[in-house]
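A.B. asks: One structure coming up, written as C-alpha cells, with questions to follow.
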Protein chains: 2
Amino acid sequence: MKQMLIKSKTTSYPIYLGTDLLKRLEQYINPSYTSVLVITDQTVATYYLDDVMNALKQFSVHHIVIEPGEQSKSIEQFYDIHTKALSFGLDRHSLIIALGGGVVGDLAGFVAATFMRGIDFIQIPTTILAHDSSVGGKVAINHHLGKNLIGQFYVPKAVIYDVATLRTLDKREIRSGYAEIIKEALISDEAFFNDLLLTNIYQTDAKTQVNHLYHGMRIKASIVQQDEREQNIRRYLNFGHTLAHALEQQLGYGQLTHGEAVAIGLLFALYISANEYGNKHTYLVLLDWFKKHDYPLMIPKINVNDLLNRMKVDKKVVNRHIQMVLLKSVGQPELKCFTDREMVEYITSFFSELMKGIDK
Amino acid sequence: MKQMLIKSKTTSYPIYLGTDLLKRLEQYINPSYTSVLVITDQTVATYYLDDVMNALKQFSVHHIVIEPGEQSKSIEQFYDIHTKALSFGLDRHSLIIALGGGVVGDLAGFVAATFMRGIDFIQIPTTILAHDSSVGGKVAINHHLGKNLIGQFYVPKAVIYDVATLRTLDKREIRSGYAEIIKEALISDEAFFNDLLLTNIYQTDAKTQVNHLYHGMRIKASIVQQDEREQNIRRYLNFGHTLAHALEQQLGYGQLTHGEAVAIGLLFALYISANEYGNKHTYLVLLDWFKKHDYPLMIPKINVNDLLNRMKVDKKVVNRHIQMVLLKSVGQPELKCFTDREMVEYITSFFSELMKGIDK
C-alpha cells in the first residue's frame, strides 16, 4: 500500500492507495461517528455497496443510491440527499462516505460541505478518473448554465483508494481516467508523459495502475498545495478543460465521458499552443496515442458560437475574455487570454484539422 | 466611527460601525473588482438601494431585489440568484454585497460562498438583528425540515454598519434585534445585561445604539474567535435558539420575527435553568422587561410533539438528544442534554406558566 499526505492551508488528510483496502475499511474510520451515510451510484452499488455496508456494521449506517452520470449533480438531487440525510437522523457528528467516481465524490462532498454547515466525509474512489477529484478539495454541483458552477473547497478526512475496484471498469472509463493522468504529465513531467505514451492502458496490472495514480496525484497535490484556492498555478490543472466542459455540455452529458471530452480539449489546447509557440510534435504524438486507444475524436457538427458562449460562462473567464492554459513545451504551461474572434477562428480550424486527421 | 477586526482561523475582516457610512461606501471597496452584485430585499431597496448604486457607479454594478422574509432563504431563490449572477456575467473576481438584514446576509453570503466555489462578499447590515449574523461567518439557507440546515462558514471581506439605516426600523424590528443583544449580555456580561434592563430600546439615540451593537458584537466575536467551527463554547450563542427555531417554523415564518421567537426561547431556557439550578430571578426580570417592551409572548396553541420533533432536527442535536444551553447565572452558560420526555414536560409546564404570567 502506498500512502501520501495532502496538506491544505488549515488541515491535512491521508490518501491510502492499494489493493483490497475495502475489506479492512473499518480500520480507517474513527469509531466515534454517531452515524454514517454512504452515497453511491447504481453501477457501483451493484459491485461494492454490500462490501462497504458489511465493513461498517458497527456503525448506524445508511445509504443512498443515485443514478450514475453527470445529470445527478443537480440542485434537485443535492436537496434530495439533504432531505434523506435529515430523515435518517444524521447530525453534526455523522460521516458521509462518497463511494464512486467523480460525480459521486463531487455531489456527496458538496452535501457534506453544506449539511449543517459541514460534516466529515471520506472518499472511496472507484474509477481512475476520480484520482483527480480526490486531491484538491473541489466539490460542486452543476448549474444548467455550466458545470461545477455551484460548489466550494472542502477537503475529505481521508481518501481510501482500492485499485481492486478498478477491475470492473470498462474501456470507456479507463480511457476517461487516463486522459487526466496524461494531462497531469503534460503540465509538469515530460518523463512521465513519455512513459505513458508507451503504455497500453487497457492492459496494465494493479502495480502499474497504483504507480500511475500515485504519480498523477503527486503532481496534482504539489500544485494544489502551492495554490489551494486557485489564485495562480492551480489554473494549470484546467489544461484542456475550457473546451472540454463546453463540449460536454453542448453534446449533453453522457455523450462523451469527462475524460473523453478532456482528450479533445487537450488536443485543442496543444493545437493552439503549436500555433502560438511553433511546435506541433506533442499535438501529433498525443493524437496518435488517442487514436490507438480508440478515444472518440469524431464529434457531431456543433455550432461554434454556442460553444464559445459556453466557454465564456466557465469559471476561468477573466473580464469576459477566455483564458486558456497553453503549453510552451511539455512541463511548461502558460496562461493566455483570447478575444472571442480569435477563439472562433481556433475552434473552427481545429475541428476542421481534427476531422481531416481522423479520416487518414 | 468605531472599528473592530474580526479574526478567523485563516483570515480577518473589519467591521466599520458609525453613521453615514453608506455615502462614502466606495472608500471601503477595492476598486479592482470586475463587477459588483448588490442583493437586497424590497423593503430595504425602497430606502437605500439608490444610495448604494450611486456610490458604486464606478463599477459594473448589478442588483437583485428579493422578497423580504425568511421564506426567501429557499433553495429555489438560492439557485435563481446563481442564474442571474451568471447571466450578469459575474466571474471569480466579482463582489457580492448583501444590503439588508439577516435573511439577505445569510442568503447572499451563501451564494457568494458557493458561486464558482466562492467569491468575495461584503455585508451592509440594515437591521439591529443583523449585528449578530455579521460576526461569525455563518451563511445558510433553510431546508423545509429546518432552518439554516444548508450552509457553511464563510466570512465577509468587510462589514459596513451604518446605524443611520436603523432609523427606518419599526418597533417589531427593534425588539427583534435587541433580543439577540440581550442574549449576548446574558451569556457573558452581567453589567451589560443590567444596563439593557434599564434601557428603553424604542428611544435610544445613535450613540447608544452604536454602543450596544459594538458591545454585542464584541461578545460574539470573542466567542467565535475561540471556536470558529462551533466545536464547544460557540454553542453558547445558541442560548434560547433551540425552541426559537422550532417555534418560528411551527408557526410559519413571518408570524414571529426571529428575535421575537428568541425572546420566548430565552425565557424557556431561563425557565429550565431556574428549575435545574434553583434561581428564578433572571427569568422574572426578563419576563417583565419583555412585557414592558411589548414582545409578543402570547402564542397560539401548539402541538407539543410536533414542536419537539422540530427541535430534534436542529443542528445542535447530539445522538438524537436535545442539547440545551442553560444559565447557571448571568454570564455562566452550560450545556445539558435532555430526553424527549423531560423536554415534553418542560415545554408543557413552561407554556402553561407563561400564559398565566401574561394574564396577570
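FYI, residue positions are counted from 1 along the chain as it appears here.
In case you wondered, yes, glycine gets a Cβ from its N, Cα and C as well.
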A.B. asks: Just to be sure I read the record right: B:E180, B:H258 are listed as binding Zn(2+) in TrEMBL. Which of B:H241, B:H281 is listed for the same site?
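C.D. replies: As annotated by TrEMBL, B:E180, B:H258 share the Zn(2+) site with B:H241, chosen from B:H241, B:H281.
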A.B. asks: Say TrEMBL lists B:G102, B:V103, B:V104, B:G105, B:D106, B:T126, B:T127, B:K147, B:T165, B:L166, B:R167, B:T168 as binding NAD(+): which of B:K138, B:K157 is in the same site, per that record?
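C.D. replies: So the NAD(+) site in TrEMBL includes B:G102, B:V103, B:V104, B:G105, B:D106, B:T126, B:T127, B:K147, B:T165, B:L166, B:R167, B:T168 plus, from the candidates B:K138, B:K157, B:K138.
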A.B. asks: Please compute the mean pLDDT of the model over the domain '3-dehydroquinate synthase C-terminal' (B:177-317).
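C.D. replies: Over the domain '3-dehydroquinate synthase C-terminal' (B:177-317), the predicted model scores a mean pLDDT of 92.
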A.B. asks: For the transmembrane segment (B:94-116), what are the same-chain contacts with Cβ under 8 Å, counting residues 6+ beyond its ends?
C.D. replies: 29-30, 33-41, 44, 48-49, 52, 66, 68-70, 72-73, 77-78, 81-82, 85, 122-127, 129-130, 132-134, 138-141, 148, 150-152, 154, 156-157, 173, 258
A.B. asks: Out of B:E180, B:H241, B:H258, which of these binding-site residues is nearest B:V104 (NAD(+) binding site) by C-alpha distance?
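C.D. replies: So, of the listed binding-site residues, the one sitting closest to B:V104 (NAD(+) binding site) is B:H258.
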A.B. asks: Tell me which residues of the chain lie with their Cβ under 8 angstroms from that of B:E180 (Zn(2+) binding site), as long as they are six or more apart in sequence?
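C.D. replies: Within the chain, B:E180 (Zn(2+) binding site) has Cβ neighbours under 8 Å at B:I128, B:L129, B:H131, B:D132, B:G216, B:G259, B:V262.
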A.B. asks: Which three-state DSSP class does B:D106 (NAD(+) binding site) fall into?
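C.D. replies: Note: B:D106 (NAD(+) binding site) is helical by DSSP.
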A.B. asks: How many neighbouring Cβ atoms, not counting its own, are there within 10 Å of the Cβ of B:G102 (NAD(+) binding site)?
C.D. replies: 27
A.B. asks: Do you know the DSSP helix, strand and coil residue counts for the domain '3-dehydroquinate synthase C-terminal' (B:177-317)?
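C.D. replies: Secondary-structure composition of the domain '3-dehydroquinate synthase C-terminal' (B:177-317): 102 helix, 0 strand, 39 coil.
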A.B. asks: What residue among the binding-site residues B:V104, B:K147, B:T168 has the most other CB atoms lying within 10 A of its CB?
C.D. replies: B:V104
A.B. asks: Could you say whether, by DSSP, B:K147 (NAD(+) binding site) belongs to a helix, a strand or a coil region?
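C.D. replies: Its secondary structure by DSSP: strand.
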